[in-house]
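**Q** Just lifted these from TrEMBL, have a look:
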DOMAIN    11-58  domain 'Galactokinase N-terminal'
DOMAIN    97-175  domain 'GHMP kinase N-terminal'
DOMAIN    275-338  domain 'GHMP kinase C-terminal'
Amino acid sequence: MLGLAKKTADEFEAKFGYAPTGVWSAPGRVNIIGEHTDYNEGFVLPIAINRATYAAIALREDDTARVASTFSDAVVELNIAQLGEASGWAAYPLGVAHVLGASKGFDLFIDSDVPVGAGLSSSAAIECAVALGLDELLGLGNDRRALARIGQRAENEVVGAPTGIMDQSASLLGKVDHAVFLDCQSLEVENVALGFAAAALEVVIIDTRVAHRLNDGGYAARRAACEAAAKAFEVPSLRHLSLETLEAGRELVDDVTYRRARHIITENDRVLSFVAALKLGDFKRCGELMVQSHVSMRDDFEISVDELDTAVETSMRHGAVGARMTGGGFGGASIALCPIEKISDLTNSVYAEFELLGYARPDIFTVNAADGATRQI
Ligand code: ADP
Ligand code: MG
């Protein structure tokens, strides 16, 4: 959207007193299926969405880095030698600059229409917009896969959130009307045609507004359980463990660890089945797999919350072909694959059910699969 790109350039100029050299955008993402599989070297199937973060950037002649955002009035200013010590929201953009090894100062302004903390990865959007822009201005020549790794490292090492490679891959490698089928072991990517528009289907997001915190412990605990299971079965990651081996060796781990591993193994299978079903245009099967995925996250991986369960169940009762919570869990959003003519009934029913149960009013909107990060101006 050029409107927001232009606005970001104007905001840069108002803040810093001169025009930026360029504006880069990177989309948020929603994961269609394959949750918590990324750090287990498994499969994921996100789409880049038609909501993005914009980074207006100019290099400076000195070694000062300044960053500002519509988030706050304050300008964060650091010497480029201290980029790795950035904290708060500035850790995302400055962490990227740190990992890129920025050798020059820069001014940076961020604006965005990706909802924050909704499971749509506003974090990857900001990282990838900054990574693409700074890489180009500094002439570093990283390709998109390398930039995805750089965004991930910024989030892991500077922000301190132990997230996988999925979000940045979707934001950088997304394609309009296609999903990003990513093998997190080989990092091979295939853009798989969705065919949703031709089937009169749309992806509905229900943001429960229950805040999720990836650096709060639940996410790290799930990672630790997966690592413990892999260790107990003497495999490098759960990617290498079959359901049969897990069942046969059930006594090697406690019940919780067993169920965590079972989610990862069955979820990997569901991603592969979903891709196969997409290629056949079998949306009924796609929907079944989404619901199975939700049940597995609710019961085996235990990362759902009541609001997400309600959103999924209500979606299924009101016309969705499939529905599941999406993102890291403990809040955030659910998605529904829904026939276009049933979206208003689904939406109204979810609002009504949430009100009945005394939950905060969710934010409900549709998204389309969009292209990955790009230079706008
Ligand atoms: P999610 O990625 O699901 O939206 P995260 O907690 O991973 O949630 O990342 C959200 C954080 O990313 C915000 O709290 C903020 O620190 C940073 N962030 C995202 N968008 C912006 C923005 N437009 N300006 C400044 N910081 C942002
Ligand atoms: Mg995030």
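Residue numbering: from 1, along the chain as shown.
Each residue, glycine too, has its Cβ placed from N, Cα and C.
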**Q** Summarise the domain 'Galactokinase N-terminal' (11-58) by DSSP state, stating how many residues are helix, strand and coil.
**A** 9 helix, 28 strand, 11 coil
**Q** Using DSSP, what's the helix, strand and coil tally for the domain 'GHMP kinase N-terminal' (97-175)?
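**A** The counts are 45 helix, 8 strand, 26 coil.
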**Q** Please work out the mean pLDDT for the residues of the domain 'Galactokinase N-terminal' (11-58).
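**A** Across the residues of the domain 'Galactokinase N-terminal' (11-58) the model's pLDDT averages 97 on the 0 to 100 scale.
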